[in-house]
Every structure is written in C-alpha cells, then in structure tokens.
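Just below is one structure, and these are the notes that go with it.
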Amino acid sequence: CIKANAKSCGECIQAGPNCGWCKKTDFLQEGEPTSARCDDLAALKSKGCPMEDIENPRGSKQILEDREVTNRKIGAAEKLKPEAITQIQPQKLVLKLRVGEPQTFSLKFKRAEDYPIDLYYLMDLSYSMKDDLENVKSLGTALMLEMSEITSDFRIGFGSFVEKTVMPYISTTPAKLQNPCTGDQNCTSPFSYKNVLSLTSEGNKFNELVGKQHISGNLDSPEGGFDAIMQVAVCGEQIGWRNVTRLLVFSTDAGFHFAGDGKLGGIVLPNDGKCHLENDMYTMSHYYDYPSIAHLVQKLSENNIQTIFAVTEEFQAVYKELKNLIPKSAVGTLSSNSSNVIQLIIDAYNSLSSEVILENSKLPKGVTISYKSFCKNGVNDTQEDGRKCSNISIGDEVKFEINVTANECPKKGQNESIKIKPLGFTEEVEINLQFICECQCQSEGEPNSPACHEGNGTFECGACRCNEGRIGRLCECSTDEVNSEDMDAYCRRENSTEICSNNGECICGQCVCKKRENTNEVYSGKYCECDNFNCDRSNGLICGGNGVCKCRVCECFPNFTGSACDCSLDTFPCMASNGQICNGRGTCECGTCNCTDPKFQGPTCEMCQTCLGVCAEHKDCVQCRAFDKGEKKETCSQECMHFNMTQVESRDKLPQPGQPDPLSHCKEKDVDDCWFYFTYSVNSNGEANVHVVETPECPSGPDIIPIVAGVVAGIVLIGLALLLIWKLLMIIHDRREFAKFEKEKMNAKWDTVS
C-alpha cells in the first residue's frame with residue numbers, strides 16, 4: 001500500500017484489497033507525504049488512526065432476479081410456454097467490485113424435462129446423396145414419433161445445399177445450369193442454399209415437401225455447406241427458431257469449403273455473417289466468400305445452435321476435428337443411404353444434452369473470471385474444466401461457483417455488463433459490474449477549500465487534492481516555484497547545508513521525506529531529521545521491544561526506562577523470600593538487586609556467608625524477654641527491645657504462613673536444653689513482631705532403676721550366651737576326638753590278624 005504512493009483515497013483503495021486511507025486531519029507527522037495516509041489496516045491502527053476514520057470500502061453482491069429452476073415432468077398436464085421454463089438460477093445480479101477483491105456467487109443449472117426442441121435438417125443434395133434423399137423423405141413423421149419420448153413439443157424443418165453457382169465449383173454452360181447431371185438423370189439446377197421448410201410441428205408436411213426435392217450436382221468434391229450453416233444460424237425469422245433447444249443436423253458425404261476458397265471463383269469479399277435469403281434462397285453466394293470456422297463458431301454460439309454432423313465413414317476424421325473446434329457439437333456415422341439417420345440424431349442429442357458448458361461474454365478490460373464446478377457423484381473441477389459438467393441426465397441439477405475479480409478500474413469508471421450462459425441454451429445470467437474506484441469521503445469533498453491555501457484545492461478525505469498547476473501538502477505552491485533556490489533555504493536546518501537532512505526532497509519550501517524499502521521505517525520531522533529506526537537497541541530489538549522509537553529517542557512503555565527501554569521498573573524479580581525488596585539489604589535497579597550491605601549478596605541479597613539465620617540471630621533476645629534467662633539476661637533491656645513480643649499458649653496459636661507480612665518460624669534450645677518456639681515477622685511499616693510459645697518443651701530426667709536393671713540383665717544374658725557357645729564348641733570337639741579314637745582302634749585289630 002505504501003509503495004503505491006497514492007495521492008488520494010481513490011488511488012489508495014485501488015492499490016490492493018487490504019489498503020485503507022486514514023482521513024483523520026492531523027494523522028500525518030511533520031514531513032510525511034500525503035501518500036502515508038494509505039497503508040494496510042493494521043499499520044494505520046498502530047499509527048493511531050481510529051477505525052471510524054479509515055476508509056476501506058468493500059465489494060458486495062446483490063441478486064435482482066432469482067426465479068427457481070423449473071420442476072416439470074414429461075406428459076404433465078401443465079403446458080408451459082418456453083419462456084416460462086427456467087433452467088438457470090439466478091438470472092440477474094449486481095456485483096460491486098473493488099480492485100483485487102473477488103466476488104463469488106453460485107449458479108444452479110437444471111435441465112428441464114419435456115423441454116421444447118427445434119430441429120433443422122440441412123442436407124447435401126449433390127448427386128452422390130441421391131439414395132440418401134429417398135430415405136429422408138419419410139424422416140418427418142418417423143422422427144416426430146421417436147422424439148415424442150423426449151419432448152411433447154417438437155418441431156422440424158428442412159434445408160438443402162449444393163455449391164456456389166460460379167466456376168470452378170459448377171459448370172456454367174447453359175445446359176449444365178439446367179441439368180448438371182450426366183446421361184438421362186433428371187436433376188434440378190445447382191444452387192447454394194435453399195430453405196425448403198421452415199420449422200413446423202407437422203411431420204406430414206415435412207414428408208410432402210422433402211418428397212418433391214431433386215438431386216443437383218457440382219464439379220468439385222468439397223461442398224458449400226458452410227454457406228448454408230451460416231444462413232441457417234443468422235436467418236432466425238425465416239427458419240422459425242424459437243428460444244428453445246435448437247438442433248442443426250448437417251448431413252453430407254463430402255468435405256467442405258471454408259474462408260479463402262472463394263478466391264478460386266474470384267470471390268474475395270469476406271462473409272459478412274448476415275442473412276441474405278430471398279424467397280428462401282441464398283442470393284449472395286457469388287458475392288461473399290465462404291465463412292471461416294471461427295466465424296461459424298461465433299454465430300452458432302450467439303444463436304444457441306447445437307450442431308450434429310451426420311457424415312459418412314469416409315469423412316469421419318475430418319468432421320471430428322471440426323467438432324473439436326465447435327463447442328456443443330457432435331459427429332455421427334451416416335450409413336451410405338442415410339437409413340440410420342433417426343438413431344444417429346437420437347444418440348447425438350443424448351450426447352449433447354448430457355454435458356453443460358458455461359461460457360461468458362467478452363470481459364471488460366482488467367476483469368477476470370474463474371469457475372468451479374460441482375457435478376454429479378461429487379465430481380469437482382476448477383480452471384477450464386470448472387466450466388462444464390458431463391454425464392448428466394435430464395432432470396439432474398448441477399452447481400457452479402463463479403469468482404469475478406477486477407484487477408483495475410475502468411478509465412471512465414463506468415459500469416459494465418457481462419453475461420454467462422450454458423452453450424446451446426438461450427437462457428443466461430446477466431451480471432452488472434459496478435466498480436468501487438472512489439471513496440465515500442471523496443463525494444463529501446469541499447472544492448476550493450480555504451484549508452487548501454486560499455482555495456487552491458479540494459479538501460477531501462482529510463487531505464488536499466490540488467487544482468491543476470498547484471502542488472504541496474496544502475497546495476501552497478505553483479509548479480513554477482518548485483525548483484526555486486529560495487525555496488530550498490526553507491528546507492535546511494540552521495547551520496546546515498543539507499537539504500531535508502539528505503532524507504527527503506524540498507517541494508514548495510517544505511520537506512517531503514523519502515520512503516524506505518521497509519515500509520515500517522519512516523523518516524519524519526520538518527527537515528526529515530527524525531526517524532523511527534535509529535534508536536538504541538537491546539537484545540537486537542529497537543528500544544528492546546519495550547518502547548517506541550520517536551525521532552531517534554525511545555519512548556518507553558510503562559514499567560520500563562533507559563535509553564533502550566531495557567531497564568524494568570518491575571520489582572517482582574527483586575522480591576526476597578521474606579517479602580521484602582532485596583531482603584531490605586539493597587535497592588532494586590532495572591529488575592536487579594544492588595546489595596548495599598556488603599555482607600549480603602545474591603539475586604535478592606539473601607545470601608550471607610558470615611551471618612546467622614533469623615532464628616539464631618534473635619534467639620538470645622527472645623529467650624531473655626520471654627523466659628528471663630540466657631546469655632543476654634543482664635543486658636536484655638538495652639539490646640533486645642527492637643521488636644514487639646506477644647506470648648501465646650501453644651504452637652497452634654502461632655501466626656501461620658499466608659499472612660501479608662513475611663514470616664519465619666523458629667525452634668531453638670535454651671540454656672536448660674529446653675525447646676522454645678517463636679515466629680519473627682516484619683510488617684509494611686518496618687516493625688518487627690515476635691510471637692513466642694509461653695512454655696518451653698523440656699525433656700524429662702532418666703529413670704535409673706530400669707536402666708540399671710537393663711544393664712545387669714544384659715550382662716547376664718551375654719554371659720549365658722558365651723557359656724552356651726563354649727559348651728557347644730566343646731561338644732563338637734569331643735565328638736571329633738572320639739571318632740578319631742574309634743578309627744585308630746579298628747586299625748589296631750587289622751594289624752593283629754595279619
């Protein structure tokens with residue numbers, strides 16, 4: 001948004017969908033250009049522009065016509081006129097477009113059952129189609145019967161074509177002009193195109209008039225079918241087309257001439273795409289060239305005509321290539337005598353009706369459109385395939401999501417209109433495009449406003465839009481004065497040779513500060529001497545992330561100070577465990593304790609290597625005041641009156657943790673080896689309070705008799721145990737000696753025997 005360098009609100013909102021314009025009068029800092037009013041919304045709010053002063057118009061959509069699609073069954077008693085049947089929804093809407101912001105709407109299509117059909121049979125009557133004509137003569141009633149299963153409102157027409165009536169396409173000798181066929185064949189005179197029967201619901205009339213037709217002839221193989229197709233497409237009144245499904249069956253056994261081939265007959269004037277039927281005959285074939293394929297595609301599409309090419313096997317490949325160039329067309333293989341033409345038409349119609357393809361009219365400059373299809377069985381597509389749905393049956397409903405985006409505003413800002421329709425159908429969606437190119441506040445502008453230097457501009461949207469020939473933030477200069485050296489003097493600081501501190505341009509005697517590549521970095525000030533990015537940093541952040549850089553000086557947020565806002569005024573990190581700041585032994589500076597008592601150290605001045613604890617420190621004073629004994633008994637009144645003392649009955653009555661004042665629980669021994677309990681706390685006024693249990697816990701003396709009895713009993717038991725052990729050892733020793741004696745005795749007996 002900043003890079004757009006917008007001079008007005010209208011230019012700003014065209015820069016992008018996220019750009020807004022601040023119309024607050026005093027929004028700009030000194031030296032900032034008018035274009036600084038244009039920025040993304042978050043940046044404007046961070047710079048102090050209230051939401052109610054930000055111009056940010058949004059696009060919208062409004063549906064004007066939204067008739068529901070028609071639900072109708074074949075054979076129903078209700079007979080609707082074609083114009084009363086709705087297959088596409090909505091029908092008309094208005095889109096208000098802002099540059100870069102897409103507007104989306106849903107389009108619903110449902111192929112109505114029992115929808116009327118107009119079918120025009122266009123036949124090649126060159127001599128090679130002689131046997132085909134015989135089978136087509138009964139086509140009317142037979143086709144009417146078959147189509148009655150699809151629709152109850154069917155009409156059929158017939159036309160024929162041969163070739164341009166000039167050399168070298170036909171022979172121009174008088175005899176050949178009368179009868180172009182050889183031998184005794186009775187052929188009619190050659191012609192380009194003839195409308196034999198306009199569309200009618202009378203099948204018998206079709207049979208009757210077609211039965212009277214005769215074959216004609218020509219010299220070359222390609223035929224002049226394109227001339228005939230063009231006339232069928234553009235001569236709607238003569239053919240009798242209704243706003244219903246329009247089918248054109250093109251039947252031939254040969255190829256086709258197209259644009260440029262007319263030069264062979266000296267015809268160079270391009271086809272004009274207009275109707276030239278007189279007495280149902282095309283009269284300008286000798287004057288206009290054949291139409292091009294692209295021209296045919298345009299006219300067939302404009303008139304919603306779907307083409308079925310019924311051609312012989314020999315020319316299938318050619319017409320399949322042609323089908324790829326003509327949307328909503330089909331190719332069927334015609335038997336050599338056209339006996340299968342009815343089934344061919346039925347199959348081709350089913351193929352065409354199973355696919356819906358959306359197309360849009362020419363888009364205005366700078367407008368783009370995209371499609372997303374939601375077809376049967378959960379099939380979704382985007383981009384080019386998002387325009388169509390296939391394999392749909394009559395009565396199926398499909399949806400499309402359509403995005404319309406304006407990438408620029410029209411030069412004149414006028415409204416535009418586009419149309420979207422399914423190929424081959426007359427119904428369409430009309431979309432009126434209204435472009436948001438100006439802000440609401442611009443219509444409220446004050447022309448020749450006194451706020452713009454004596455009426456030299458229009459004051460709108462918080463800024464001056466200068467009249468022609470005037471420049472400056474307040475239109476205070478004419479363009480002739482811009483480069484004057486006298487003006488430059490107003491852009492220099494005192495005792496300085498730099499114009500606008502080398503950070504801007506001098507325009508109309510005022511500095512307009514240049515912009516940085518980083519749009520968050522801004523020069524400002526009367527001489528562009530200020531900026532918001534050259535302040536002291538801490539931890540790699542401007543103002544430590546704890547302040548705002550204004551004119552190269554940090555303005556710190558609450559609870560922060562210092563040149564880089566790196567000094568915290570929060571005392572919580574300095575709070576000691578006893579609730580005192582720095583344990584009462586130092587000062588809290590930038591969130592860190594500076595210990596004033598040299599004996600204490602640590603983050604909260606609580607560490608003292610040579611100090612007694614709170615309990616040990618006050619033990620002697622509590623003992624002398626509470627129990628009148630201890631080392632300080634004689635000097636108690638002089639050394640131990642620095643705290644308030646309260647005696648309680650038991651330990652349960654001592655103050656417990658959770659009270660506002662920091663508290664220490666103590667358990668110490670007195671001179672009599674008795675335990676006494678007390679608490680020590682300091683309130684917010686610095687007063688020390690001691691609560692002490694009034695009765696010490698002294699251990700009772702030893703009971704001598706049980707001790708003596710226990711000692712004697714122990715000695716006796718130990719003696720008995722020693723005697724038992726000695727006796728046991730002697731028994732073991734005697735048994736071993738006896739066993740040894742017995743063994744020696746036995747040995748002596750053996751010796752006597754020997």
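Cβ atoms here come from the backbone N, Cα and C positions, even for glycine.
Copied over from TrEMBL:
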type	residues	note
DISULFID	Cys9-Cys19	disulfide bond
DISULFID	Cys181-Cys187	disulfide bond
DISULFID	Cys437-Cys441	disulfide bond
DISULFID	Cys452-Cys464	disulfide bond
DISULFID	Cys477-Cys491	disulfide bond
DISULFID	Cys508-Cys543	disulfide bond
DISULFID	Cys513-Cys528	disulfide bond
DISULFID	Cys530-Cys535	disulfide bond
DISULFID	Cys551-Cys582	disulfide bond
DISULFID	Cys556-Cys565	disulfide bond
DISULFID	Cys567-Cys574	disulfide bond
DISULFID	Cys595-Cys605	disulfide bond
DOMAIN	8-439	domain 'Integrin beta subunit VWA'
DOMAIN	615-703	domain 'Integrin beta subunit tail'
TRANSMEM	704-726	transmembrane segment
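Here the features listed in TrEMBL are placed on the structure.
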residue : record         : Cβ neighbours (10 Å)
Cys9    : disulfide bond : 29
Cys464  : disulfide bond : 24
Cys508  : disulfide bond : 22
Cys528  : disulfide bond : 26
Cys530  : disulfide bond : 22
Cys535  : disulfide bond : 21
Cys551  : disulfide bond : 14
Cys582  : disulfide bond : 25
Cys595  : disulfide bond : 20
Cys605  : disulfide bond : 25
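The disulfide-bonded residues close to Cys508 (disulfide bond), defined as a CA atom within 10 A of its CA, are Cys477 out of Cys477, Cys535, Cys556. Other Cβ atoms within 10 Å of the Cβ of Cys565 (disulfide bond), summed over all protein chains shown, number 26.
Here the transmembrane segment (704-726) has no long-range neighbours, meaning no same-chain residue at least 6 beyond its ends has a C-beta under 8 angstroms from one of its own. Between Cys574 (disulfide bond) and Cys582 (disulfide bond), the C-alpha separation comes to 5 Å. Counting only the Cα atoms, the space from Cys437 (disulfide bond) to Cys9 (disulfide bond) is about 9 angstrom.
Taken residue by residue, the domain 'Integrin beta subunit tail' (615-703) breaks down under DSSP into 20 helix, 28 strand, 41 coil. Between the CA atoms of Cys595 (disulfide bond) and Cys535 (disulfide bond) there is a gap of 31 Å, rounded to the nearest whole number.
In this structure, the C-alpha atom of Cys464 (disulfide bond) lies 21 angstrom from that of Cys528 (disulfide bond). In sequence order, Gly31, Glu32, Pro33, Cys500, Asn503, Gly504, Val522, Tyr523, Ser524, Gly525, Cys528 are the residues near Cys513 (disulfide bond), counting only same-chain partners six or more apart with C-beta under 8 A. Looking at the domain 'Integrin beta subunit tail' (615-703) alone, the prediction's average pLDDT is 82. Closest by Cα distance to Cys9 (disulfide bond), from the disulfide-bonded residues Cys477, Cys530, Cys535, Cys556, Cys565, is Cys477. If you measure from the Cα atom of Cys452 (disulfide bond) to that of Cys605 (disulfide bond), you get 65 Å.
Distance between Cα atoms for Cys535 (disulfide bond) and Cys543 (disulfide bond): 7 Å, as a whole number. A simple Cβ count within 10 Å picks out one of the disulfide-bonded residues Cys441, Cys452 as the most packed, and that one is Cys452.
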